[in-house]
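Asker: The structure follows.
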Amino acid sequence: MTGLDMETIFAKIKDEYARTDDVGKRQIQGHIRELQVGFYSDWDVVMRLSSGPLQVALAKVAIDLGIFRSLKESDTPITLAEFVKKTGASPRLLGRILRTQAAFGLIKETGPQEYTSSAFTDVFANSDAAGAVVQLFDISGPCTQILPDFLAERNYQDITSNKDCVFQKAFGSDLTMFEWMPQHPKHMESLGHLMALERPVSWVDHFPILEELGKFPAPDKVLMVDIGGGFGQQSKALRAKFPNLPGRLIVQDIPQTLANAQPAAGIEFMEHNFFEPQPIQNAKFYYLRHVFHDWPDEQCVLILKQIIPAMGPESQILIDEMVIPSTGVPWQAAFTDLLMMNSLGGVERTRAEWDDLMEQAGLEIIQSKVYDSKEQAILVAVAKRT
C-alpha cells in the first residue's frame, strides 16, 4: 500500500470522526484501539501498558516547566537551548525528557533538539486540563499504585467507607480526602481545575428546562441552587444557553473552593456545606453535578435529606451523574468509578442503585435521560408520593 493510500484512509477517518456524534466518536476510538493492539507484539503490549504512569509524569513535568504553554504561544519551533534558558534545567536531563515527551506525542519533534506543539500540547496548555492532570497525578496516582496491595490485604472486599479506603493507606492519614485537601491549598486548586474542565456534551443542551420551568413565579425567586457547584461552571453554562431565564442562580460550595471562583454576571456565590440544612427555600431546581459519586450511600442519603425540607411543591432535585449500564460500560465511566472508590470510597451507580438511594432518602426518580456516550445522565427526583 502506498503512502498516498494511507493518507487517504487517514483523511477519511478524520472526516468521519468530525461529522459523527458523540456515540460515533466513541465507536471510532474503540476500533482504533483494537487495531493498535492487533498490530502489537507481546513485548509492545507490555511496554505500552506499563508506560502509562510515566506518560502522566512526563505531562506533569511539562506543566511544571511551562513547556506546553511555551510551545502553544510560540509561532516557531523552540530548541532545547531555548528551553534550558527558560527553565534553568540541565541540558542533558531536559534533552532526555523532551525527546521522551515527543516519543509519546506530548510534543512534536521538528528537527534535532527542536520542538513544536502537538494535539496533546494544545490540550494541556489549557489551565483546566493541566490542573486536572496535576490533580490526577498527585492524588489518584499514589492511590492507584497502592490499590493491588490494599485489595489483597482486605481479601478483596467492598470499599464502603471514605474513612477506610485506599487514600488513607496511600497518604498515611486518618483523614478523608475531603478533610485532608483543605490543608493542602495547591491540591484544592488543582481539584477546582478538574471540576471546571469542560466536557464535550452539556446537560443544558439536553434537559428540557423550559418545559420543566412551567410558570416560574418571578425574577426575584431562586431558579436553581447549584449545590457543590465549584467555580459555577454549570450555572454559567445555563445562563449562557438561556440568558433570558427568570430567577436567580446561586452556586454553593465551601470557602476554599469559592476562593478561586471568578465572578460572573447573573450568578451568585454562597458559602455552604451540603451536609448542613439547605438555607435556600422553594427553589425550582436543586442541582448537583458529580457530588454523589464522591460519597458512599450513607453520606449521599444525608446530603439529600438536607435538601428535602427546603423544597417547595414544585421543586425538583436534578442529579447530573453517570448511570452505569449493565453491559458495555465505557472505559471513561469504569475508570472514574474506580478512581472514586480509591480516593473517596465513592461509586458510579447503576439505575437500580440510584433508585435504592432515592428510596432511602424518601425521594423517587420521575425522569431520567442519558445525554452522552459516557453514560452521563440527568435524573429528576421529587419527594416520594404517599
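Yeah, the Cβs are placed from backbone N, Cα and C, and that goes for glycine too.
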Asker: Determine which of Arg199, Arg289 appears in Swiss-Prot for the same S-adenosyl-L-methionine site as Gly228, Gly229, Asp253, Asn273, Phe274.
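Answerer: Given Gly228, Gly229, Asp253, Asn273, Phe274 bind S-adenosyl-L-methionine in Swiss-Prot, the matching entry from Arg199, Arg289 is Arg289.
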Asker: I need to check the long-range neighbours of the region 'Substrate binding' (177-197): which residues 6 or more away from its ends have a CB within less than 8 Å of a CB in the stretch?
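Answerer: For the region 'Substrate binding' (177-197), the nonlocal Cβ contacts are 127-132, 134-136, 138-139, 162, 167, 171, 230-231, 233, 254, 256-257, 260, 290, 294, 343-344.
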Asker: By a 10 A CB contact count over all chains shown, which of the binding-site residues listed here is most packed: Asp149, Asp253?
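Answerer: Neighbour-count leader: Asp253.
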Asker: Please list, in sequence order, the residues in the chain of Gln145 (substrate binding site) that are at least six apart in sequence and whose C-beta is under 8 Å away from its C-beta.
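Answerer: Counting only residues 6 or more apart in sequence, the Cβ neighbours of Gln145 (substrate binding site) under 8 Å are Pro53, Ala170.
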Asker: Fewest other Cβ atoms within 10 Å: which of the binding-site residues Ile139, Cys143, Leu147 wins that one? Let me know.
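Answerer: Minimum Cβ neighbour count within 10 Å, taken over the binding-site residues Ile139, Cys143, Leu147, occurs at Leu147.
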